Structures are given as structure tokens and as C-alpha cells.
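*Asks:* Pasting the relevant annotations from Swiss-Prot:
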SIGNAL    1-25  signal peptide
CARBOHYD  49  N-linked glycosylation site
DOMAIN    121-215  domain 'WSC'
DOMAIN    219-326  domain 'CUB'
CARBOHYD  222  N-linked glycosylation site
CARBOHYD  244  N-linked glycosylation site
CARBOHYD  351  N-linked glycosylation site
């Protein structure tokens, strides 16, 4: 690309700007407020040590005292998952959000998710009430059994909308700022349903929309705000093969500072280049074999062009980087006050579809990801041989923490049966292969699908 083309690209007109809102959970306008840059909070390294914010909820156990469970500081000797001699919430197994153990033994509910207000990736605006009349987001909508966050973002980006909302695990809605102006925030824990197309992502809840800015995971953009966040294409899904994406970066100031919050490329053929926008000269290049520095990276240019290319086989989590403009190349690295992100949200030029389609599963980070799909299959197998001492009662399963394994109910992946008969019920451990097992639960209603959306709603439905 020639110098004139680079200059022209830098100064492309950009779409109307999204204004910051105090209600936003993790807006791209305020990246400094977020402690997480992955959609499931696997990168959370904060200090919340209770399941609720500001002292609410149950206290977490110390990770160096949980050897009886599947995850402890002993299982993370290199600190890859952030475990250690502390009791802060973490996500060592790639679950949908950080969690912690709350009980010494695996009797009853021995772990819980953590509600961490500061752990929402920039670009996620929060959980909103959707009563349906009128809808929380008034633009086009669709459903998909393979819905992921990025599938919905791509759909709404293609339609020309600023915001995308995921609901009930399978529904996607598009909208604009005016919709959120009359919207009503819901508790973050209300958006607790797993995306049908990705076991490691949450897609809203029953009557609850998880709302995102569509610029998240965009393949191109023109970024001129004093500071902000740029994600790899298709984020929070993995980037796909043969991606060729560019972002023009020109915040006010004489120099730039970049900090990579996440960087995971598949191999040396997947490459991110940083070029001076005026001259086109290559300043730095990173790939799967040559990652960027862990700390801030300063560049003596006021305008930058980032280009990412993946090969025909490329699939990995990608990258998330924060940037800020510096008034002087020697400026001390201190975040400016009151800065705001002003992303452009142009339509992706490639890999877009008129209807939601499946995204790729997230890449394994160390040993933390255990397939939820496999776990569900194991649980279904266990269901066939569960206890049947109580006639005409139903058994519903909720996963424990640990690698999937068949065997006794006290195994590392134990399951829990909810035996209930209206109007009351009780949670009991399932013991596969019980000789008293008997037939189906004729005459007793099953829990509704919405009541099975998470461990929390499953137990609270009793």
C-alpha cells in the first residue's frame, strides 16, 4: 500500500460516535475501568474475594487450601490461572465467568460464580431488561441455535446498527443509543444463560439482554479518541482463516502507547504489523512465535496503521490491546483523566452473513479449558443409570468443577440431582448404577427450560 493510500485510509470519515454512559459496565469509552478483556473473565487478576460485590455474597476459600477440590494453587504451579495463596475469584477452567470455592467438601453447592462489576470486557454495556413491549433494542432480530456473541455483533454490524444484544442463549437483537436511553439496567447476574453456539460465553438471560457495541471484533475501523481498545477480528470468538484486517489509529498527541492485554496467535504465519501511517514504514511486527512485550510499548508516531493477517489454517483467541495518545514522546505513562473512546464501526468487508452463523470455540489457554459439550454428554450418560428410589420424580443435573469422569458420585466431576415433587423439593447427590433405579417421572412436571439456564436458577427453582 502506497503512502498516499495509507494517509487516505487514516483520515476516512467515521460513523457517528457512541457517547459514554455512567451505566455502562465496560464501555470501549472507558477501558481503564475494566479489569477483564476476555468475555468470560479468564484474565481476571483482581482482588474480589466474595461471591458478591462490596462485601456481599459468600466468602471464597483460599486456593492453597482447596487440594481436596479439582483446582488449587498446587494445580497451578506457574500461576497461569492466577491461583495462589489467596482467595480471590478466578476462572481456571474457562467457565463463563470467574468463580470460587465456598465449601470445604463437595456436598451441596460447593462453588459459586462471582459477581464482579469491574470484570466486564470493554465494549460490553451491561445487562438490560427486555419486557418485549416495546423491545429493549428496536432494530432487526433473529435466532440461531449456534449463536455466539460475535455472531450477533456481526449480524448487527452488517445491518448498520451501533448496538447488539444477546438474549436467552439463542436470540440476537440490534439497536441504537436511543434504545438504551429508555432502557433499564438489570443485575449483572440476570444475564446468566450460556450461548447455544459457545459453552464459554454468556448470551443474556430470560427477558434480559446482554448489550455490546458492534465495534468489538470489527475487521476495520478509524480510531481517533485519546484512548481505547482494539480487538482482533471476530473477538470474543477466535479469529478465522484468511483474515486481512486494518485499523487506523490517530489519537491526539505526538506519540502512542500500546499495551497488549491479550495476545494469542496460532503460528508465525498469523501476523500483526504496526506501521507509521504517514510513511508506511514498518515499526514493529508480532506473530505466534514473536509476541509483543508484556508492558507498555511506546511508538514515536502520532498516527499508526495496524494490519492483521491470518493464514488459511489460522484459528486462535487473537489479541486485545489498549492504546492512548501521548502529548510528548517522553510523557510519563499515566492514564489521562476523562478520556473517551470514539470508535468507528464500519461494516466488515469479509466473512459476514445475513443471518447468524456459528463461531469457532475459544482456544485453550494452558490447561484451563474442559469442553462443556463433553461434560453434558457425560452427564446425559449418567442420567440413564441414576437413582430411582423415588417413584415418579425427576432428576436434573448440574455440573461440578473438575475434569469430566464417569464413576461414583464423589468423583472429580460429580453431578447433582434435583429430586422434587410439588410443592417442595430437595437436592441430592446422584449415585450412578443404583440398583433401585426405576422408570420415567410420569405425573411430575419437569423444570422449565428457563429454570435450567444455570446452576443458580436450577437450585432457586425448587
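Positions of Cβ are set from backbone N, Cα and C atoms, glycine also.
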*Asks:* From the Cα of residue 222 (N-linked glycosylation site) across to the Cα of residue 244 (N-linked glycosylation site), what is the distance in angstrom?
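*Replies:* Rounded to the nearest whole number, the Cα-Cα distance is 16 Å.
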*Asks:* With DSSP assignments reduced to helix, strand and coil, which class does residue 49 (N-linked glycosylation site) get?
*Replies:* coil
*Asks:* Please work out the helix, strand and coil residue numbers for the domain 'WSC' (121-215) from the DSSP assignment.
*Replies:* 19 helix, 34 strand, 42 coil
*Asks:* Among 49, 222, 244, the glycosylation sites in question, whose Cβ has the most other Cβ atoms within 10 Å in this structure?
*Replies:* 222
*Asks:* Tell me, what is the mean pLDDT of the domain 'CUB' (219-326)?
*Replies:* 93
*Asks:* If one measures from the C-alpha of residue 49 (N-linked glycosylation site) to the C-alpha of residue 222 (N-linked glycosylation site), what distance in angstrom results, rounded to a whole number?
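*Replies:* About 39 Å separate the Cα atoms of these two residues.
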*Asks:* With DSSP, how much of the domain 'CUB' (219-326) is helix, how much strand and how much coil, in residues?
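*Replies:* Its residues fall into 0 helix, 57 strand, 51 coil.
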